[in-house]
Amino acid sequence: MKVGGLTFISRVAGLIRDIFTTNLLGASFFHDIFVVVLKIPNVFRKLFAEGAFSQAFIPIYSEYIGSKDDKGSQDFLNALFGILLSALFIFTALALLFAPIFILIFAPGFYFDIQKQDLAVSLLRIMFPYLALISLVAFAAGIQNSHNKFSIPAITPLIFNLSLIGSAWLVAPKIDIPVMALAWGVLLAGFLQLLFQIAPLATIKKIPIPKIDFQNPGVKKFFILILPAIVAGGIAQINLLIDTIFASLLITGSPTWLYVSDRLIQFPMGIFAIAIGTVLLPSLSKAYAQKEIQAYTEQLEHAFKLVFFLAIPSLIGLVLFASPLLATIFQRGAFLWSDVQQASLSLIGFSFGLPFFMAMKVLVPAFFSRQNTKTPMLIAFLSLLINVCLNYLLAFYFGLGHLGLAIASSISAIVSVIILSFILKRDGLISFAGILSTFSLKVLIASVALISFLSIFNQYFDFELFSQTQR
């Protein structure tokens, strides 16, 4: 509960951060370039430093802790730290040296405009070292989590948000190119987050000393485990990069409109779906290992019902109040009413996929709990293909622009959930009748009541006027 509270605080701070940055830059090409370029190191961070790294590192290090082999655990930490440090230095140096090539690959829409290319390259060279810093932070967090120390890793992202808020509020208005202050704020946040890990590591006496040793048995096992984890996680990150590429090719403002609408979608995702999925995985794993199939099915169906019970009201609220919500939160400074209207389109497009984005956080653990990583990987690859095709068709062929990208993401999630659900039903692990019985009637009644109330409320309350009076 404590960790959940800290995570919630960090997410609220993240929303406040976005309010400051949109107030400062609006939906200008400066903000477009900032959010797209920042996504480049963040995608690599999620691919290598967090998901895959943690999945490979924590089980191995936990074995050392369990066997009380202090020397072996320290040797493993030192060897892995040395290799990680070297790899990050080389990769960061290459990114700085070939920054224009990175922009061409990941944001081609900025590459062929000299003004945008120059700014994108400058921002990338400032922010890309953040990848190295935050990767080391993830390494430190993995060590702490293995020792059942969760609070510091949970609160660490708050530093990033505070650094960006300070940069946008105190520094950016005083310089000629305000977005540069945000870029330096990102880099400063990386340093501060890393410094924040030193004291907790010293407390458990596990500060690693870099030493390159590929022969260390723990390191050998680490590389065996991390490769399939990178492949599995890589598909999702490639999907994000492809969305970034398409967004950079759209009209000015599109990346920002997609970004702010996605931030509102991620709020219920982070608070509800991810928390449910995190708790569900060990519970399902235990039930399946003990061959308690009935308990497994009941837990899975209960989680599925809970996710949809939370997601459908969120969907209704976001669709009916897309513009009012965006206006109340973001319409200030350089972020105009016209930007609110554009962002509301992509928010509605994302919202119809919200129940399915959230359902994925329940269905994927159902496969992982049976040590079946192949099926989710294949479905993720199919989702990637669908998303790419729909991105092109909807955004460019049918001319829907950023709305097309949002709809494509929702459709690919819907297809993935349908396929995964039918596979689980085929395996006798889920019953549609059990999910759709009295639960569907309750959700229907509650949804009709909610729609009626919100429609009446929206008719008599002027959110645009309210948002303007709050400035």
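From the backbone N, Cα and C atoms, a Cβ is placed for every residue, glycine too.
The transmembrane segment feature in TrEMBL is assigned to 20-38, 76-107, 119-143, 150-171, 177-201, 222-252, 264-285, 306-330, 342-364, 376-397, 403-424, 436-457.
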- Message: How about long-range neighbours of the transmembrane segment (119-143): same chain, 6 or more residues beyond its ends, C-beta under 8 Å?
- Response: 30, 33-34, 36-38, 40-41, 44-45, 48-50, 53-54, 57-58, 61, 77, 80-81, 84-85, 88-89, 91-92, 95-96, 99-100, 102-103, 107, 110-111, 152-153, 156, 177, 179-180, 183-184, 186-187, 189-191, 193-194, 197, 200-201, 204, 206, 208
- Query: Hey, does the transmembrane segment (342-364) touch the transmembrane segment (264-285), meaning at least 3 C-beta pairs closer than 8 angstroms, sequence gap 6 or more?
  - Reply: yes
- Query: Per the definition of 3+ C-beta pairs under 8 A with sequence separation of 6 or more, do the transmembrane segment (403-424) and the transmembrane segment (20-38) touch?
  - Reply: no
- Could you check if the transmembrane segment (177-201) is in contact with the transmembrane segment (20-38), meaning 3+ Cβ pairs under 8 Å among residue pairs at least 6 apart in sequence? yes
- Query: Are the transmembrane segment (20-38) and the transmembrane segment (150-171) close, by which I mean at least 3 Cβ pairs under 8 Å that are 6+ residues apart in sequence?
  - Reply: yes
